[in-house]
Structures are given as structure tokens and as C-alpha cells.
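Working notes, beginning with the structure itself.
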Amino acid sequence: MKFHEMGQTDLLEATNTSMKQGLTEKEVKKRLDKHGPNELQEGKKTSALILFLAQFKDFMVLVLLAATLISGFLGEYVDAVAIIAIVFVNGILGFFQERRAEQSLQALKELSTPHVMALREGSWTKIPSKELVPGDIVKFTSGDRIGADVRIVEAKSLEIEESALTGESIPVVKHADKLKKPDVSLGDITNMAFMGTIVTRGSGVGVVVGTGMNTAMGKIADMLESAGTLSTPLQRRLEQLGKILIVVALLLTVLVVAVGVIQGHDLYSMFLAGVSLAVAAIPEGLPAIVTVALSLGVQRMIKQKSIVRKLPAVETLGCASIICSDKTGTMTQNKMTVTHVWSGGKTWRVSGTGYDPKGGFTLNDKEVSVNKHKPLEQMLLFGALCNNSNIEKRNGDYVLDGDPTEGALLTAARKGGFSKEFVESHYRVVEEFPFDSARKMMTVIVEDQDKKRYIITKGAPDVLMQRSNRIYYDGSAAPFSNERKAETEAVLRQLASQALRTIAVAYRPVKAGETPSMEQAEKDLTMLGLSGIIDPPRPEVRQAIKECREAGIKTVMITGDHVETAKAIAKDLRLLPKNGKIMDGQMLNELSQEELSDVVEDVYVFARVSPEHKLKIVKAYQENGHIVAMTGDGVNDAPAIKQADIGVAMGITGTDVAKEASSLILVDDNFATIKSAIKEGRNIYENIRKFIRYLLASNVGEILVMLFAMLLALPLPLVPIQILWVNLVTDGLPAMALGMDQPEGDVMKRKPRHPKEGVFARKLGWKVVSRGFLIGAATILAFIIVYHRNPENLSYAQTIAFATLVLAQLIHVFDCRSETSVFSRNPFENLYLIGAVLSSILLMLVVIYYPPLQPIFHTVAITPGDWMLVIGMSAIPTFLLAGSLLTRKK
């Protein structure tokens, strides 16, 4: 059907819907079954079987399987079966790790899907766009991403950017009229809004006519590129490390085989030992464990009300040195209340808090009746008329649906007797020019019951003062003289000094039947007055700013409010130090990018800032070497959010465009959530360092055991199957449990990490080598003691070496939890780790004591007396170093 050629009546009939009621839930379900979810078909997902088989394509695993084939040909069937079993178990573990990571990332994708406002059973409801069906009535405004193909039926200054479809970045002006030309190109269909396009200005209402693959976007879906899975810088560095380790492993194999053959060992056993050591040199589980650690951390962040949209942001969070945060709603509660109204040279105080309509008005500390004070009456009425928000009582609480500033004006109007029902029954909105952050105002043209029309504008006081040539004073409209402007500015300063946000209201009568354009309407106005609105700081923000300061992170407040208001809030939050500076939008305009970079380090508050300024601020800090987190919610914030190292969008007030530009979404729009996200980001990175240290130190220990034996011309202290068991099975569980470790107490007292910090920075390389050396030395020493006691019983000495190596690694895992000492943390903080260690010990005991497994793993039962030797030797690597650290501290 060519919906763009239909009038509204034919359209509603064709889609079987109603502009007043929308669709019923029953009808939605029926249409959802018929048309399917409103989603573009994705590329074929990797099946579980393919994902499982992919676990065996690793180069060293293929070498190991080749060695297994050789074992089979040589008649070593027990070794061949055992190796295959271990590789199979490792494959299962890897499969579940990757599957879990994939499911976690899919869950994140679900959480960050766009939402739309749809009319269902007579009520506007926010729903995920994938639940839209043909016939749904939807509304959209500046900053929204269109969720389906929509035939527009109402348009107010509506412009939509369609570059995703047409490649044309200039927004298209849209309207609700039917098109008369039958065949027009996509870019010329001006009465439809298409899936994936962005509303850049105005607002509109429309009927969904196409969903999923039955949209213009769906028809060219194969031209769209999938974003793919982003890898983090750390993951890329670990991939490079893996390639280096493969080369080392191959050289090691050649060395072991050559030395072993020279010493008289048979070629087959040395080849298998060499391959086993090569496998030990490469921590195969590391990439999967890193992904699992990232996804587990991201899941924890979701519980703390932050959604990660781009995985590299998790790593970058730990490097953040500057947080540029919006004030309103992020640092404050966003439950605004009008406390002062100034008009006609008088200031009234307003009592009450939040959106509860209980409250009254006083003038000079005396209660007054609103209907006896015309300027106050008009301010309240006009504030309710120029308003798109609504307040409902739900479960005994007053809940705002809309903008908090508008909520404050609505509540003040209700305190004065002007309910929403009264306003709507006495006045009709003829035209509306929605608020946008560039104009800093909203305008409506209303008509009363006598057909009289008024332009009513509300917005930033400095903007409305420029647009006004008259002011309401002493009961009538008078010229807006310099004297009156000075008085208005003095009132603004007085309100701002009390941390009040101010909003101005202006008006102009127009002739009956006249509907001026936006440009004509928003000039030659009469300034009516000012409302002073308080938005109290969130109680938890002050502590969050303090913790960020201790973590070496500077908090910068960005607001559109006046300097005095911004200063009062910043002082209340203890954000502004004694020598800290405040900069306003005018100063920002006067400074070049280079000049701003020179002075920005001393600035803690930016006031009267437009979204365009935010980009300049981000670049200034970045040019000084900072890693910047920037919050935003509007369409115009998107460039700054994208430019920032960590773009943070608001989950409640944020537009779809801002969310899509961001790498992190705050579900509750709360500054304290950014602090929690940074803390979790730091912890995730530290946990990854912990299991890198654990796995590599374990592998170094295994390699050195074999090299020590060869240098000392000893028999092999570990048989290949034991090395494989330790590397592929025993190490995996504790390493994964380290990814669930809680942050160390001082994680938010350390300076931000440098973004180019290497994997082995902060002495990690030394810790890997030193711990690995001691693990290897303790293991070979235990082997030598038992072997020289009875050289005839080689299997017993090898079992002692196997048990010592396993226990030394499992004790070392607790040392990995701290940057300082094993004694600095309670081992029972991480019950997952306790469980993993106990499981690994149990598996070791099964291999040693279970008779059917003894011949496979070349083990024999260890006597109780020799367990004392095993436990003593395995404790040396960790506790020797822990003791030396304590001595050094003292």
C-alpha cells in the first residue's frame, strides 16, 4: 500500500486503528503473531555445535591432538585417550565460558534497545521499539530515533535526519498532508518517518505502517554493516602476547626434545614432554576468562544501575581522570519546586515541596489569595499553558510524566487553583513550537473561550529579555527600559545566590485566527516575570565527589544555569575548592581551543553552557592528556559524548541519539552511579591482572620444573599428562573465580591508570617471574628429596612433584588477590574462590587416590608423612615473599 498517498481517514481505515485509543493489548498480540517482532534480521548466529568445535582450533591444541595421534600409532593408547579426555574437558569449559559471555553481551544489547511512546488502550505508554506493530499510534520529539516506518498525521516544526537511509545529512522538513505525486523517491516522501532516522527538531504523531523487514530500512538491510563485537585494548594486547608465547612454546619444544634425546631419553616421551610444556607455556583459558570477567563485571554494573554499551569502556573507566557532569538531574534530584515568583515588581514565596499540590503563597510573609494578585495569577496560568508535562497520583505519590521544570510550574499552578483539567477546558493550544537547547525556549499559541489568542513563551531569562521589548509592571505592559532590565537582572542575581534556577515567562496577544510562524511569534514579547525553582542536590553526590577526589579524579560541573546558581550548588556539594574557578558560556566563546586548554585545569564549574560548548570543554581536557567522562542527554550533546573517552548518557532523560553516541548509560541519571561504574571498571581491570598473574606464574613454574630437571640431569619430575591436567583443568577454576573478586579497599584511593599502561606494569612482570621461579624451585626440591630417598620409585617422586605444584599454585592464588600481601585480605571475602580451590584440591586427590585413574596419570598414593613435606614446600613460594614484604614494610 502507498500510505503516503492516503488521507488520515483512509489511513486509519487501512491500518484498522484509532487516534484516540490506539490498539488494544489483544489486538497487539494478534498483530505481533502475524508480523513478528519489529527487528531487522541479524546475521546467522553461531550454533552451539560450531562454538564447541571452535574450542579445538587453537594452534597448540591442534599440535596436542597431533601428538595424540602419534601416541596412538606408537601404541600408547592410555596416554592418547587421557590427552583427548583432558582436551575435551577443556573444550567444554571454554564452550561454557564463551557461551556465558555471548549471553551476557546479548542481555546488554536487550537492555540498551530504543524505546518509543505508543498509544495503547487510550494511554501513552513507553515500550521497546521491537514491540511495535502496524497500526500503533506513536509520538516522537527532538532527539528520538524513529522505531518503525510511520505515516505522520501530526507535525509541529518537524524535521528528520535521514542519512541512515538516503545518505543526505541535511534534515528533511516533514508534514502530515498526503502526497499528490504517485511515484516519488524515498527522500521525497515528506509525510513519512522511517525506521532508524532521527528527529532533529519539533515533534510529531503518526501511525506505524511497517515493522521489521517490511520497512524501508529492512529492504536495504543487507547494505547495513553489523557493529561486530568490540575487543578491548587489553584483549588486543593479550592476543599479541599469545602470539609471542606460541613462538616461545615452539622453541621450548625443540629445546626440550633436543636436550632430552642428548641425555638419553627416548624420542617419543621427550616429544610428548616438549608438546606438554608448550601447552603449559600458553594459557589457553586466558582469552575466555578475560571475556567472562568483563561480562561478569558488566552484569555487576547493571545491578549498580549503569549499562555498558561498548565493552572497551569497561577498561577505559579505570583510566578516567576527569568527570564532566551535568548538574540538573545528575548531581541534583530533578524534583524541582517553585519557591519564588517575581512579577510586576513583587516577589511571592511559594510553600510546599516536590510535585504535591499542597502549598500556598505569601507576600512580605503574609498569606495571599492568588485571584487578588493578577501578575501572580497570570504567571501560574501561563506556566501551566506553555507546558507538555503531566502529574498523576500513583500509589499515594505524585509522579511526573515529563520535564521536571515543567512539573514545578504545573505544581505551582495547581497550588494556585489551576488544575490541568481547568486549563484544558478553558484554553485550546492552537500551535506549539517545542523547546530545543539552541533556542532555550518553548512557545505555544493558545485561544481562550472568547476566541482571544495569546503567544506564551517560557525559557531562559537572558534569552527572553532579548526577545522582549515590554515588561508587565504595576498592572500594565510598559516599555522594557534599561532601568527595568537592571531591576530584572538584580532579581535574577538574588534568586541565583539562593541556588535557585530561574525560568522566565513572556507573552503577546495576537489577532483572532492569527497563527504566526515560530520566528514571528518569538519576538516583540512582553516580559511577564520569573519563577525561582530549587532542585536540591542528591544527598549521595557529595560523598561520591569526595571519593572521586581521593581517587585522583577531578569532578567538573556543567550547567546552563547562571553563574551565581552554579556557584551556590557547587559550594553546597563541596565541589569547588578555594582557588577553583567558574567559567561561563560567554568566556568560552571568547577563548580559542588552545587558550581554553591553557586555563581549563583551574576551572571546576562551567555555567550558561550550551551543548556546543561541551565539545570544546572535552577537547581542552583531552589536549592536556586527561581521560574524560562526559555526561549528556540531548541531541546536541551527542558530538561531545562521542568525543569523550567515556560518553555517558542519561537513561531516564536521555534521547536515543545521546544513548547511541554513548559508551555508558546511567539508568537512574545519578552522578554517584558514575563513581560506582569507575570503581567497578577499576576492579574489573585489577581482577584481569590478578588472573594473568596467576596463570602465567603457574605456567612459568611448570616450565622451570622441567628445565631444572634437565639442567640437573634428573628424570622428568612430571609426566606430560600431569602437566596437561594442571594447565588445562586445575588452573581454570581458580582463575575464573578471581574474576569475581571484590575490589580492594584502596582501589578508589589510587591514581587513575594510564591508558597506555602495559599488561605487566606495576611490577606484574616481576611478580609473575619471581612467584613462578619459587613455585618451580619448591616443586623440583620436593621431587629431589623424595627421588633421592628412593630412586627406584620414580612414580612416587613424580606424584609428590605433581601434588606440590598443584598446591603451590592454589596457595599462590590467594596472594594474587592483593597488590601488597596475602595477609592484607580476608580469604573468605571471595567464596567463589574458596569453592574453586577446594574443587581443584578434590580433583587432585581423585587423580592421586582413585585406582582406575592412577595408571593414566602415573600417580600413586602419598603417605600422610609426605603430605607434610608437600604442604610445607608448596607454602614456601607465597609465604616467603609475603614475609619479606612485611619485613620491608616495617
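Cβ coordinates come from backbone N, Cα and C, glycine included.
The domain 'Cation-transporting P-type ATPase N-terminal' annotation in TrEMBL covers 2-76.
Residues or ranges marked as transmembrane segment in TrEMBL: 48-71 (among others).
Annotation comment: TrEMBL describes 77-96 (among others) as transmembrane segment.
The transmembrane segment annotation in TrEMBL covers 244-262 (among others).
Look at TrEMBL and you will find 268-296 (among others) tagged as transmembrane segment.
Residues or ranges marked as transmembrane segment by TrEMBL: 691-713 (among others).
According to TrEMBL, the feature transmembrane segment maps to 719-740 (among others).
Here TrEMBL flags 768-788 (among others) as transmembrane segment.
As annotated by TrEMBL, transmembrane segment applies to 794-811 (among others).
Long-range contacts of the transmembrane segment (831-851) within the same chain, counting only residues at least 6 positions beyond its ends with a Cβ under 8 Å from a Cβ of the stretch, are 725, 729-730, 733-734, 736-738, 740-741, 799, 802-803, 806-807, 810, 813-814, 817, 857, 859-862. Among the features that TrEMBL reports, transmembrane segment is placed at 831-851 (among others).
Among the features that TrEMBL reports, transmembrane segment is placed at 867-886 (among others).
Of the two recorded stretches, the transmembrane segment (794-811) lies close to the transmembrane segment (719-740), with three or more CB pairs under 8 Å once pairs fewer than 6 apart in sequence are set aside. Relative to the transmembrane segment (719-740), the listed stretch 691-713 leads the set 244-262, 691-713, 768-788 in CB pairs under 8 A. In the predicted model, the domain 'Cation-transporting P-type ATPase N-terminal' (2-76) has a mean pLDDT of 81. Within the chain, the transmembrane segment (768-788) has long-range Cβ neighbours (under 8 A, six or more residues past its boundaries) at 692-693, 696-705, 707-709, 712, 714-715, 717, 760, 794, 796-798, 800-801, 804-805, 808-809, 812, 815, 866, 869-870, 873-874, 876-878, 880-881.
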